[in-house]
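Some features that TrEMBL has for this protein:
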- 66-91: transmembrane segment (TRANSMEM)
- 97-117: transmembrane segment (TRANSMEM)
- 138-287: domain 'Palmitoyltransferase DHHC' (DOMAIN)
- 182-206: transmembrane segment (TRANSMEM)
- 248-270: transmembrane segment (TRANSMEM)
Amino acid sequence: MRFISKLALFSNFVISRITRKQIWKKVRQKISNIPQLSVDWDSVTDRFIEPIIWVVDHFADSLGRIFVTLVWLLIQFVVGVAYWIGLSFYWNISAELTIALVIFGHWILLNVVFHYYMALITPPGNPPNVDQIPHIKARCKKCQSAKPERTHHCSICRTCILRMDHHCPWLNNCVGHFNHRYFFLFMAYVVLGMIFLFIFGAPVILHELSISDSEPIGYPVFSNGSHVHPVQVEEVTPSPRPRSLRRAVAVTEAILCAGVLAALSALVGWHARLISRGETSIEDLTNKDDREAKRLEGNVFVNPHDYGTYENWRIFLGLSEGRTWWCVFFPSVHPPRGDGISWNFKNDLTHVSYK
């Protein structure tokens, strides 16, 4: 029986080796038949993206509502754990330090909640009727509306968006001219909040991990100042909530905050780079082709919407008509500079209101 089993194993091994060689031979033959190993990567990419586009087109609205709910739940979870575990920890260390941390933390929380809520409810901006802007001759091929400069059609919202950046599922809304500032500042303050939690939350995590769950050895006693007396078992107060739960919750929050910090830090840096160059996410893609074409011609591409880093930020943040940087550090509902239709700020860098 052993000989037969060994023979079967050997035969299976030989057959698998022959099969693998045959398969690899067929693969090599197919690869060799490809002229100059050319691959139509556009079609390959389209095949991978088509299912994603189908899901987005059919379920974007439902998924967007779920994502928005998740954001609110995550904010409540992070703040609740900070109150439950962090507040008592620092209060036992210093009441003054705790008050300072609470004030600073609530300033961050106020900006996070305000800018996220405003990004949710603020329409990104749509082109007005054709009769109101007769000087705009371009028309959208999908919705037939007037298409001013920097306007793009959103297939999810099924309308054109003024200075469209992208459609954000976490907002269930497009990011455009009138809510782009709220979107960016929301991400910036979340990143600041995550850094704040990591700096002042690290001692809390270490404290929770260092405490043992085991019961103390010996008998409970109390001292009246001169003598130590044993405490009856029935007089012992019940033990507090197990440390294991606090530890698990604290570690869970640390992992969530680490993921959010990594993702949003990269996103904030990316958008800050685009803002400094006077571009949106869509324009970054289109301008890459123009830059390459100009480079091949021996010329330099010039972005007509780039007014320099400092002025680009002032335009983006709407710092005009006497507004200062306090509008950035505290909640403000001021509109962005410009109407989203005309973009020539070289001669007039003041706020233009379109009605």
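Just so you know, glycine gets a Cβ as well, placed from its N, Cα and C.
Residues of the same chain lying 6 or more positions beyond the ends of the transmembrane segment (66-91) and with a Cβ under 8 Å from any Cβ of it are 97-98, 101-102, 105, 109, 112-113, 116, 120, 169-172, 193, 197, 200-201, 203-204, 207-208, 246, 249-250, 253, 256-257, 260. Sequence-distant contacts of the transmembrane segment (248-270) (same chain, six or more residues past either end, CB-CB distance under 8 Å): 74, 77-78, 81, 84-85, 184, 187-188, 190-191, 194-195, 197-198, 201, 204-205, 208-209. The average pLDDT for the domain 'Palmitoyltransferase DHHC' (138-287) in the predicted structure is 85.
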